[in-house]
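*Asks:* According to Swiss-Prot, the protein has these features:
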- Cys171, Cys180, Cys183, Cys185: [2Fe-2S] cluster binding site (BINDING)
- Cys208, Cys211, Cys219, Cys222: [4Fe-4S] cluster binding site (BINDING)
- 4-128: region 'N-terminal SAM-like domain' (REGION)
- 129-160: region 'Linker' (REGION)
- 171-185: region 'Fe-S binding site A' (REGION)
- 208-222: region 'Fe-S binding site B' (REGION)
- 208-211: motif 'Cx2C motif 1' (MOTIF)
- 219-222: motif 'Cx2C motif 2' (MOTIF)
Amino acid sequence: MEQFKGLQKSLYIWTDSADLDKRVEQLKTATGGEVAVENVHRLSFSSYANSSFDLIVIECAQLTDNYVKLLHMLKPSGKLHLFSFIGPASSLLQEIKLSGFINCSEGTDTLTAEKPGYETGSSARLSFAKKNASALNVWKISGDDEELIDEEDLLDEEDKQKPDPAGLKVCSTTGKRKACKNCSCGLAEELESEKQTATASENAKSSCGNCYLGDAFRCSTCPYLGMPAFKPGEKVQLADNLLKSDI
């Protein structure tokens, strides 16, 4: 007990009342301070405040569920001392470490541990979290003297003119009306439609042979209906909509 000399307030947790006064007196003599006494079975019902003791001594007990409570009852850097304990020392050391104690050491039938030098749940500022002073100064720059730019001045008269829809097609940039291989602007479909119309016009033939004489000799479905008479064999250009279905 000489290593605990000078500790002001201690708690002695007992299991056997025989010679209890003698053991408590020995602890008082060793520490030179005040000693409180508590039964191990009544510890869970006690109402000790946090950071109340510099030293807690446990006699002949294995407190599986109360080591965390003892950690709160100790002051920062407070000591926990077990002697004549029950069970293997390795198991007790593991339970004590998992409860938050540090600097655990094993002696002859004794175990000693220490609470960290800070209060449970406390926080500390991290050194690498310092903010760059130059970055902070950027936000201090005053913008009162800055003039706002008129949005209308950013556009020229040419920018305000509407573009030609034909020029918006990607394929028209080549100068010749030719669709790209993977055309997606619609020019390929447009050229294909014009090609089919022209082919149909070239292949248009008269079934009755009287189309060139005029409307008086033409059928009701004649593609030349409404057109003036023409010479036999003469090439006549039909309108695009004449060869398309009305449905």
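Cβ from N, Cα, C; glycine included.
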*Asks:* Report, in whole Å, the straight Cα-to-Cα distance of Cys185 ([2Fe-2S] cluster binding site) from Cys219 ([4Fe-4S] cluster binding site).
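*Replies:* Roughly 41 Å, rounded to the nearest whole number.
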*Asks:* Is the motif 'Cx2C motif 1' (208-211) packed against any residues at least 6 beyond its ends, judged by a Cβ distance under 8 Å, and which are they?
*Replies:* 217-219, 222, 224
*Asks:* Pop the Cα-Cα gap between Cys222 ([4Fe-4S] cluster binding site) and Cys185 ([2Fe-2S] cluster binding site) into the table, whole Å please.
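*Replies:* Cα-Cα, rounded: 36 Å.
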*Asks:* How many Å separate the Cα atoms of Cys183 ([2Fe-2S] cluster binding site) and Cys211 ([4Fe-4S] cluster binding site)?
*Replies:* 41
*Asks:* Just how many other Cβ atoms lie inside 10 Å of the Cβ on Cys185 ([2Fe-2S] cluster binding site)?
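*Replies:* I get 14 for this one.
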*Asks:* Let me know the model's mean pLDDT on the region 'Linker' (129-160).
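*Replies:* Average per-residue pLDDT within the region 'Linker' (129-160): 69.
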*Asks:* Please spell out the DSSP helix, strand and coil residue counts for the region 'Fe-S binding site B' (208-222).
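*Replies:* Counts, helix then strand then coil: 6 helix, 0 strand, 9 coil.
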*Asks:* If we count other C-beta atoms within 10 Å, could you say which of the binding-site residues Cys180, Cys183, Cys208, Cys222 has the fewest?
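*Replies:* Looking at the binding-site residues Cys180, Cys183, Cys208, Cys222, the Cβ with the fewest others within 10 Å is that of Cys208.
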*Asks:* Between Cys222 ([4Fe-4S] cluster binding site) and Cys180 ([2Fe-2S] cluster binding site), find the distance joining the two CA atoms and give it rounded to the nearest Å.
*Replies:* 38
